[in-house]
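The structure under discussion appears below in the form of structure tokens.
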């Protein structure tokens, strides 16, 4: 697609500035050259049109890389309606380029909470009525939840949902356990080519990029505390170590904690003896009083709480690369401390009380992206080559679920298919192979003797389902 002028009469969109479309198109063309797996799938399945008839409701960060995803879905036959899953993550030139191509999109950087909810609604509605959608592509679960709570009738036609993130998968599993989930779901997050690339290697690239763009600080020689050591935490700790920071890690899972130790990070707790009893007395003030930067990476709630924020070193930087802004107790900060905007998505939080503040006061924290995703709020997120794996998985997951035609099954068959599953390993390997080829790499092929010896086929899959990469 190369259009940069909105089709005549097309008004089914809302973006910050449609005149940014040409800029967005130029960046999208560059991104395509850095997304070999996604573009490989576009070429491979173009003639087959596996998504012909698919009507996809999409809610994922409206970035340049997402523009390539959207246009791949459309090229393979789908119709889509789109919004962003985060109020700060939209790249306005990307949204404009999609609108200019005649694709409904409702997203702009710096939405209010009310505008965010409105954009979600517009994704679902066409001409004021629920669109006859039959697929969902989500990031974080807000769109899926809204459909279940407010538009359940739409779900009668939906074949499934593909979910991008850890947080969204947790919400899906919770809904499934409670008997609330009405459609099957593919857990894209736990595909190896998503979790290792996006969560780990992506954060390794984009965390330090965002912090430096937001603060213009030198990071080397300073102390950082990374909260959580899952894949996002691992990538984040590596990102800060690459900058020369002295990195400490806190964890609740003994296995992840062991990995942090084995990777050479000091494992600490912000709480004395690791016990948070909810009081200031339980805080390790000696530890937090030396921390220059704290990063939350967990997808859990209140992992950087009010008492921790009180104990942090003056002028410490606070940010989140998990998912929602409830990882950091921003509600406490809004209620009790004064906020001074330095520039968009960068605030000085004066710990001298609410209301007025002295601009020369030095007892403040620097909060990035208001506690939301720092890499998308203060920078442009993961690079195209990283998102290539994630979005190739999304395309394959959409094709996989669309072909299953869940909505057309009998009630008995639906009950059997109502699950939250990862993509088959063979498809994960398909994405990985395309990515390797994009790097110019050559994968060695097993001989028949070797394949027989380890009990696999020459074409794969090559590892058992439970293998941990």
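Yeah, the Cβs are placed from backbone N, Cα and C, and that goes for glycine too.
Features of the protein shown, as given by Swiss-Prot:
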type	residues	note
BINDING	63, 139, 164, 194, 198	substrate binding site
BINDING	165-167, 199, 228-233, 251, 300, 321-323, 375	NAD(+) binding site
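Annotated features, which come from Swiss-Prot, shown on the structure.
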residue	record	DSSP (3 states)
63	substrate binding site	coil
164	substrate binding site	coil
194	substrate binding site	helix
228	NAD(+) binding site	coil
251	NAD(+) binding site	coil
321	NAD(+) binding site	coil
Legend entry - All-chain count of other Cβ atoms within 10 Å of residue 228 (NAD(+) binding site): 27
Legend entry - residue 165 (NAD(+) binding site) to residue 63 (substrate binding site) - Cα separation in whole Å: 16
Inset, instruction - Would you mind checking how many other C-beta atoms are within 10 angstroms of the C-beta on residue 232 (NAD(+) binding site)? - result: 28
Legend entry - Distance, residue 139 (substrate binding site) to residue 323 (NAD(+) binding site) (CA atoms, angstrom): 10
Legend entry - Residue among binding-site residues 63, 139, 164, 194 with Cα closest to the Cα of residue 232 (NAD(+) binding site): 194
Inset, instruction - Would you mind reading off the Cα separation of residue 228 (NAD(+) binding site) from residue 198 (substrate binding site), to the nearest angstrom? - result: 16
Legend entry - Site extent for substrate (largest Cα pair distance over 63, 139, 164, 194, 198, Å): 17
Legend entry - Cα-proximity to residue 167 (NAD(+) binding site), 10 Å cut-off, over binding-site residues 63, 139, 194, 198: 139
Legend entry - For residue 251 (NAD(+) binding site), nearby residues of its own chain (Cβ under 8 Å, 6 or more apart in sequence): 228, 229, 233, 257, 260, 267
Inset, instruction - Compute the centroid of the Cβ atoms of 63, 139, 164, 194, 198, then list the same-chain residues not in that set whose Cβ lies within 8 Å of it, in sequence order, for the substrate site. - result: 60, 61, 165, 188, 189, 387, 390, 391, 394
Inset, instruction - Based on DSSP, name the secondary structure state of residue 139 (substrate binding site): helix, strand or coil. - result: coil
Inset, instruction - Could you state the whole-number distance in Å separating the C-alpha atoms of residue 139 (substrate binding site) and residue 230 (NAD(+) binding site)? - result: 18
Inset, instruction - Count the Cβ atoms, other than its own, that fall within 10 Å of the Cβ of residue 167 (NAD(+) binding site), considering every protein chain shown. - result: 22
